[in-house]
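Visitor: What follows is a structure written as structure tokens; I'll ask about it next.
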Amino acid sequence: MQCFKCREEIRKGTSVKCSKCRRKFHTHCVVCVKKKLFKRVWKCYDCLKEKSEVKKPACNSSRCSSSKHDQHSTQPRGNVNSRLDEISKQIKKLSLQVNDLQNDNNKLKHENIKIRAEIDRLCIRPCQPQCTGLCSSKKLRRTSEPNCVRGYREQSSQTHEDEYMSSRGVHGVCKNDVCPYIRHGSPITTKLIPMVAKLEVTAVNLHIEENGQYHFTNRYSIMRKANPQLVVRRGQVFKLLLTLNRPYLDQDDEIAFIFTHKVARHPSIGSKTKVVTRLEKHLKEANTSLWSSLLIKNQGEYLTVFITPAASAIIGEWIMEIDCIASRKVLNTYRHHGSIIVIFNAWCKDDAVYLEKDAEREEYVLNDSGFYWSGNFTNSTKRPWKFGQYEEDILLCSLMILEQVSEVPLIHCNDTVTVSRAISAVMKLQDENGVLMSNWTGNYEGGKEPSKWISSSAILKKYYDTGEPVKYGQCWVFSAVVVTMCRAVGIPVRLVTCFDAAQEYELSFTIDTYLNDHGERINELSEDTVWNFHTWNEVWTKRPDLDSKYDGWQVLDATPQERNEMLFRTGPSPVKAIKNGDLYIPYDTAFICAEVNCDFAIWKYQGSTVPLKLIQSNTDRVGRLICTKAVGQDTMEDLTESYKYREGIAKEREIFQKMVKASGSVSSRYYLNETLNDVKFEFEFMSNSIIGKPFSINLVAKNVNASHEHKVTAQLVTCCRDYTGQDIKLISSKKKIFTVPAVSRQTVQIEVQYADYAIVYKTDASIYVSALCSFEDNGFEYYAEDYFRVKLPSINITV
């Protein structure tokens, strides 16, 4: 814009306006006509000259009688049109002035926007406003407004002082204050006074959905509540979005994350219950052995951060705090209102539970339902079970049991061997606060019959609510609850069934059964039994305490049988150690070897003064089938050869002799000396026997001797036994005498009525039949036994 006087360009801050014509001039092209306190009135020379030259016109009227007639106007008044023209000219002039003012106002707005943008770019800390002009020497009261003042504009010192004095008094705050935290040497001002400004986190976005999908934890109910908690797997990054109170400066600001385990009484870095990790701005070499944090994206007030828990981190709930440091001086701490739950990670190669195949991770970690097999070797039944590890409170209940009930030191809750062993121990009532109370008596008053349970979550929820053992459980219930707890905390686990599982407590590796003269068992002489089926668990983990060849599946048996270290628990024991007969590999390997690989011996007891007589031995009677649910299918997977070598091959006998020698048992093998191969005995069962009807059992004797017949006295016993091998009811005991001619067979039939075996289908029991056969010509005795279940009607449901 040009000065109306000298026509030179007007620089910013050097112009004033004429108080009459409102045109802009240089200050040296106008005259100050009046001074007031801190104000001046300017007039241009044209306006001053016009005022001095104007004279009142002479009067033009002939009727004027004034003595000052010559001073009146002598010119005519003019007509109305000339007057209107004059008014229109004035209006045009005023409109031009209005346009000039509008243009000036628009220019000021544009300049103000530019200055605000420059302040936003250069401001490094939000602060308390502070005056920066002549009034900066005054002692000002700080305002309560924490944000930057954005309305800065350049002014002369005098104007700044004038506006300050006309504001709210000496102790007020200058209304033109600007943010004092602009870098020195900025194009806006160099008079700003720097102060220390705080950096703080105002909010944290956990990215629940995104992290849940990436960590395969989005199905946990705790992740889907109104106030969700983040569940992540250790050794794997999770994403956070931090909201700050001001833009983050890479060079001046520092952020650190402090994670503290929620149940640690005295958290410390040395015990790994407290972790401090500094926010790194550049990617370093990946190291999952330590916690780390990495800045991924800086968007001023928003930071995207990746946090990686160590692959060996303690599982459980962690409290997160964030320390913000500005210019290494001001510290501000943000405490997250909820906790972050860390669990084991089968997807991380550095985690002890790493599984390579996706299908196995899906089956043994993520699957929340499955099957187990019961019944017996000849007639097994597939039963469904709902593990429900994602349901409400299941994860928190599992962590509570580990951290409070099991009394495992928190520092060891990063070790899968210790954690799985603790889960095995806390199942039983015998350990005071166990989850389940076992019961094999058949009397389930005050609780629930074990066969009625179909879900682990119902058991754990009841325990979580009451804190008292849930009534009642048997082996499959204990095993199913272990599956739920292990999968909830991220440990790969499967439920395994062993048909004809031995319970042999002396570790002689023989199941000894003693009979009287009537062929009936003498239970007082031996506690050894063979269960129709028994269930346990296998967990997949490395064994850092052993040679790496023992890594992989580990047996865990939660059913209360063997008291170990004052607690009822078994395992974890490497399946590879069981197969190779390495009895002294921890934990409890000898006991599990005896469950799957014992010989079966029948002895005749004729009194305390008469030596025991071996009647029969059987090398394949125990551990006939070991199975689990197949990966991704509803069928059975045979695991028998993972536990022992196939019966009948030299390697199997070699491993068995190794175990017997290591056990220190002297008498366990001498029974192999006596054999007779002339006559073979076996039982035949009706294949079409249906529940509710009588059925018959045939004892078939085959004489393979071509020249000699044998006269046989058979004591036939039929009874009901539960799945643990304990007798429930004696059905019949009959004596039969018959002759088996040379190279021929003889059949003896036993009839069983429905009233005798009806109790079998009120419990999980089977019908056992045995025959104690004596040869009159040589005194040799033979024993045969077998069991079966009457078939239930099949039902097909089509939806």
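Backbone N, Cα and C define each Cβ position, glycine as well.
Nobody curates TrEMBL annotations by hand; they come from automatic prediction.
Just so it is clear, the model here is predicted, and its values are computed rather than measured.
OK, TrEMBL features for this one:
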type     : residues                       : note
ACT_SITE : CYS475                         : active site
ACT_SITE : HIS534                         : active site
ACT_SITE : ASP557                         : active site
BINDING  : ASN597, ASP599, GLU647, GLU652 : Ca(2+) binding site
COILED   : 84-118                         : coiled coil
COMPBIAS : 73-82                          : compositional bias 'Polar residues'
DOMAIN   : 1-50                           : domain 'PHD-type'
REGION   : 58-82                          : region 'Disordered'
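Locate each feature and note its surroundings.
Guide: The Cβ neighbour count for CYS475 (active site), using a 10 Å radius and every protein chain shown, is 27.
According to DSSP, HIS534 (active site) sits within a strand segment.
In the three-state DSSP reading, ASP557 (active site) counts as strand.
Taken residue by residue with DSSP, ASP599 (Ca(2+) binding site) is part of a strand.
Across the coiled coil (84-118), the prediction's mean pLDDT works out to 78.
Remark: secondary structure over the domain 'PHD-type' (1-50) totals 9 helix, 21 strand, 20 coil, with classes taken from DSSP.
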Visitor: In Å, rounded, how far does the Cα of ASN597 (Ca(2+) binding site) sit from the Cα of HIS534 (active site)?
Guide: 14
Visitor: Within its own chain, what residues at least 6 apart in sequence put their Cβ under 8 Å from the Cβ of GLU647 (Ca(2+) binding site), listed in sequence order?
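Guide: Spatial neighbours, sequence-distant, of GLU647 (Ca(2+) binding site): THR619, ASP620.
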Visitor: For ASP599 (Ca(2+) binding site) and CYS475 (active site), what Cα-Cα distance in Å is obtained after rounding to a whole number?
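Guide: Computed Cα spacing between ASP599 (Ca(2+) binding site) and CYS475 (active site) is 23 Å.
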Visitor: Counting every protein chain present, what is the number of Cβ atoms, excluding its own, within 10 Å of the Cβ of ASP557 (active site)?
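Guide: Other Cβ atoms within 10 Å of ASP557 (active site): 30.
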Visitor: Suppose we draw a 10 Å sphere around the Cβ of ASP599 (Ca(2+) binding site). How many other Cβ atoms does it contain, all chains included?
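Guide: Total other Cβ atoms inside 10 Å, all chains included: 22.
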Visitor: Relative to the Cα of HIS534 (active site), which of the recorded positions CYS475, ASP557, GLU652 has the closest Cα?
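Guide: Sorting the recorded positions by distance from HIS534 (active site), the top entry is CYS475.
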Visitor: In whole Å, how far does the CA atom of CYS475 (active site) lie from that of GLU652 (Ca(2+) binding site)?
Guide: 28
